[in-house]
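**Q** Pulled these from Swiss-Prot:
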type: REGION; residues: 1-111; note: region 'Disordered'
type: COMPBIAS; residues: 7-16; note: compositional bias 'Polar residues'
type: COMPBIAS; residues: 45-54; note: compositional bias 'Basic residues'
type: MOD_RES; residues: Ser67; note: phosphoserine
type: CROSSLNK; residues: Lys80; note: SUMO2 cross-link
type: REGION; residues: 141-272; note: region 'Disordered'
type: CROSSLNK; residues: Lys145; note: SUMO2 cross-link
type: CROSSLNK; residues: Lys168; note: SUMO2 cross-link
type: COMPBIAS; residues: 169-178; note: compositional bias 'Polar residues'
type: MOD_RES; residues: Ser202; note: phosphoserine
type: CROSSLNK; residues: Lys208; note: SUMO2 cross-link
type: MOD_RES; residues: Ser236; note: phosphoserine
type: MOD_RES; residues: Ser484; note: phosphoserine
type: DOMAIN; residues: 533-678; note: domain 'CID'
type: CROSSLNK; residues: Lys747; note: SUMO2 cross-link
type: CROSSLNK; residues: Lys748; note: SUMO2 cross-link
type: CROSSLNK; residues: Lys759; note: SUMO2 cross-link
type: REGION; residues: 777-840; note: region 'Disordered'
type: MOD_RES; residues: Ser787; note: phosphoserine
type: MOD_RES; residues: Ser799; note: phosphoserine
type: MOD_RES; residues: Ser810; note: phosphoserine
type: CROSSLNK; residues: Lys821; note: SUMO2 cross-link
type: CROSSLNK; residues: Lys828; note: SUMO2 cross-link
type: CROSSLNK; residues: Lys831; note: SUMO2 cross-link
type: REGION; residues: 854-1028; note: region 'Disordered'
type: MOD_RES; residues: Ser945; note: phosphoserine
type: MOD_RES; residues: Ser947; note: phosphoserine
type: COMPBIAS; residues: 990-1028; note: compositional bias 'Basic residues'
Amino acid sequence: MADKTPGGSQKASSKTRSSDVHSSGSSDAHMDASGPSDSDMPSRTRPKSPRKHNYRNESARESLCDSPHQNLSRPLLENKLKAFSIGKMSTAKRTLSKKEQEELKKKEDEKAAAEIYEEFLAAFEGSDGNKVKTFVRGGVVNAAKEEHETDEKRGKIYKPSSRFADQKNPPNQSSNERPPSLLVIETKKPPLKKGEKEKKKSNLELFKEELKQIQEERDERHKTKGRLSRFEPPQSDSDGQRRSMDAPSRRNRSSVLDDYAPGSHDVGDPSTTNLYLGNINPQMNEEMLCQEFGRFGPLASVKIMWPRTDEERARERNCGFVAFMNRRDAERALKNLNGKMIMSFEMKLGWGKAVPIPPHPIYIPPSMMEHTLPPPPSGLPFNAQPRERLKNPNAPMLPPPKNKEDFEKTLSQAIVKVVIPTERNLLALIHRMIEFVVREGPMFEAMIMNREINNPMFRFLFENQTPAHVYYRWKLYSILQGDSPTKWRTEDFRMFKNGSFWRPPPLNPYLHGMSEEQETEAFVEEPSKKGALKEEQRDKLEEILRGLTPRKNDIGDAMVFCLNNAEAAEEIVDCITESLSILKTPLPKKIARLYLVSDVLYNSSAKVANASYYRKFFETKLCQIFSDLNATYRTIQGHLQSENFKQRVMTCFRAWEDWAIYPEPFLIKLQNIFLGLVNIIEEKETEDVPDDLDGAPIEEELDGAPLEDVDGIPIDATPIDDLDGVPIKSLDDDLDGVPLDATEDSKKNEPIFKVAPSKWEAVDESELEAQAVTTSKWELFDQHEESEEEENQNQEEESEDEEDTQSSKSEEHHLYSNPIKEEMTESKFSKYSEMSEEKRAKLREIELKVMKFQDELESGKRPKKPGQSFQEQVEHYRDKLLQREKEKELERERERDKKDKEKLESRSKDEKEKDECTPTRKERKRRHSTSPSPSRSSSGRRVKSPSPKSERSERSERSHKESSRSRSSHKDSPRDVSKKAKRSPSGSRTPKRSRRSRSRSPKKSGKKSRSQSRSPHRSHKKSKKNKH
């Protein structure tokens, strides 16, 4: 059992084989003798161990024997067993038990396993020719050969062999050492083997011949391809022989597969002009490819491999080929377009296999087309062009020569440019005409001209200035000079003596590629400007802005794109500003774009190249952005929607304020623009001084230099009495709650001003009284009464509180404000402030009514008018309310005018009566002196003095009011007080009588008395002043 494994020793296997062969006859005889006796024995009395032992020996012999002698002995045993089993089945059919059946099955299984094992061993041994299989590239040949034939053809046909092939035939063992029975068996093979062997051999020869034929066809095909692509004569056979001699063993293996090798990225052929395109947008067609690739040169062919199956369509990208007329143009296209984004697809280019190039391209770039067009008319014979005009077509025309010599000189230096006609019918007619003229002579040309004088196709024979005639004349001359119809000389020459130079067309201008001038023209658009986006980047930005939503991821992706292209920050800012200026954009997109601006500004301080440019460029555009947002905010019809939009914009302002991106005044300005409080157009008109930008030159005025003129007032040496924000010392002394005695005594002792007094320090009494008389307190009360009557009842208490607070604030303001300005504008300011407050209150009422009306419209409580939008209907309602308010205002003014007239009339009557009844000063003194009893004088005083004393009290109160409002004349206030004290006998009663005189007025209202009673310290001050 030593030779079961392939790695076993060869000597042991040979010994066992020889012993098996010599003892085979005895073993067979023993099997013949013992077989029937054993089988006839009953199963109960049959000894089991010898049977098992004999069976094992038999199986061992069968497994070890692999010679053909065993194949002859095996059919004998099978026949004997078959006959024996038949006899047994016929005689003792019923005596078979389950164990016997199992043993028979085991025997059959073991025999089958032994046969499989023999085949396995025969596969590793070359002695058995029936099992040899050979492999040839391109097909399988089952050649059953003898050993000597396989040895002869071992190197020619591929045959797999194990690593122990060298040890298969050891030197000490030859074919003679084998047993004679084995040799006899080999000679007794059937004659069919020879026929099969001859048939296999012929197939192999035929296969070899077929391979040679394929190789020859392949070489011929490569030669024809190279000749067509380069317009060259066929290559010599030496090149093909040299190729066939290189690496014969490798060529034998791969020659059949070479034609099917992929060539999309093959750079082995240096003459190919075909480019492979591996990633094309499915929406791109051949015309687009021509426009994209045609910028680099004329194209020979363009092809897109359109998808045919569902699998190819699922890839969502196409591939194709673009062939140029010239290798240099193809190299430039590969260099400039590889990796470029075209219609959002990255171009992946490579070299493809060479294709036949046609004589005429399918696409000619416009820059090259211009050079192949005929020149403009010049007026010279044969449309000759001056050299300067030929180099620069835009050069101005030279003036016509004055004499013949100048004309001849210009003509001799001019160049006649020959251009091949592009119309194929005309070109064929010219060639046919030249053919007959060369054959028949000039008489044929004259006859044709006479016959076809009215035929437009033969116009080239008569019009000498046309490009067709120039080509006809040159082609005829070239053929007569011996040039070939397909090859001609391209040097400049003179056709006529002292005539112009003729410049023939190039042989094939499309094979030479584009000139350097044309290349520069084609690449004018190619280099991208620094700080500008490319076309595909601009398209991507616009696509991002169109699809932007207020989602975190979308805004983050857009912000990353902006920062990655920060070198083009200005263009990106302009694009975003433009997108925010469209009113029809939905509100969520507007909010998303504003959030994008906020994100970019927040990240403008990040460590990214050129990111800080966004802060600079957005600063110049934010005013426009928020003006457009204000326009959008005004067009929103729904109240809740507009408030939501406003809230989102205001959150951006709060975030920017926290980030400190821009100064706070600038953010307040932007907020006012958004709310509509400031208009950009008005600001631009008022702004005369340009903005101070980084890098702008600073003007000559620096800190420390004297300024000549500020606000139009020249600065003198005189000190400024009043500065905004600086409290005046004289005002600081007079505070609420401080007794006036101590303060005024201190004022007398202290010097008031250390400099020369101004004209405002001393005020004439007459001017002060005149100013006091101009404003009447009763008129102010009337205005307040009328405004309060017209206000809504729901807001009466609020308006009263507002007026009280305003009155107290106005008093405090008068105490601390500038006396110089307030004395001049006191009366006007009081009326204006009260009127403005009235107007504001009325406008608030109108806006409340309008908002209520708008809510009712939106909720459906009020019907919508056909043909009007919500906004138009609301505006119409607002105009109605304003019109009503104007009408009421006019009625009030009329009533006021009537009341003013009545007041003036009543005052004039009272003054006349007073003048009549008031006695002179002397008469009063006489009465006081001559009165015997105080009771009479007192009674007379009580009867006669009410009107003058009430008038005096009114005037004194007006003067006190003026003095309290203007504290600039503190020196005069005690003087006035003392004078008034002299006029009135009892100073303590004057305020009480003035209060009675106020109560006697018919227009006194309870509201005003309430407001007067709420400031008791003021009346206290007045009483103390009167005491002084």
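Including glycine, each Cβ sits where the backbone N, Cα and C put it.
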**Q** Cα of Ser484 (phosphoserine) to Cα of Lys208 (SUMO2 cross-link): how many Å, rounded?
**A** 47
**Q** Could you state the whole-number distance in Å separating the C-alpha atoms of Ser202 (phosphoserine) and Lys208 (SUMO2 cross-link)?
**A** 10
**Q** Among all the protein chains here, how many other CB atoms are within 10 A of the CB of Ser202 (phosphoserine)?
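**A** Result for Ser202 (phosphoserine): 9 other Cβ atoms within 10 Å.
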**Q** According to DSSP, which of helix, strand or coil covers Ser484 (phosphoserine)?
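**A** The three-state answer is coil.
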**Q** Fewest other Cβ atoms within 10 Å: which of the recorded positions Lys208, Ser484 wins that one? Let me know.
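**A** Checked Lys208, Ser484; of these recorded positions, fewest Cβ neighbours within 10 Å: Ser484.
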**Q** Which three-state DSSP class does Ser202 (phosphoserine) fall into?
**A** helix
**Q** Which whole number is the mean pLDDT over the domain 'CID' (533-678)?
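**A** Averaging the confidence scores along the domain 'CID' (533-678) gives 90.
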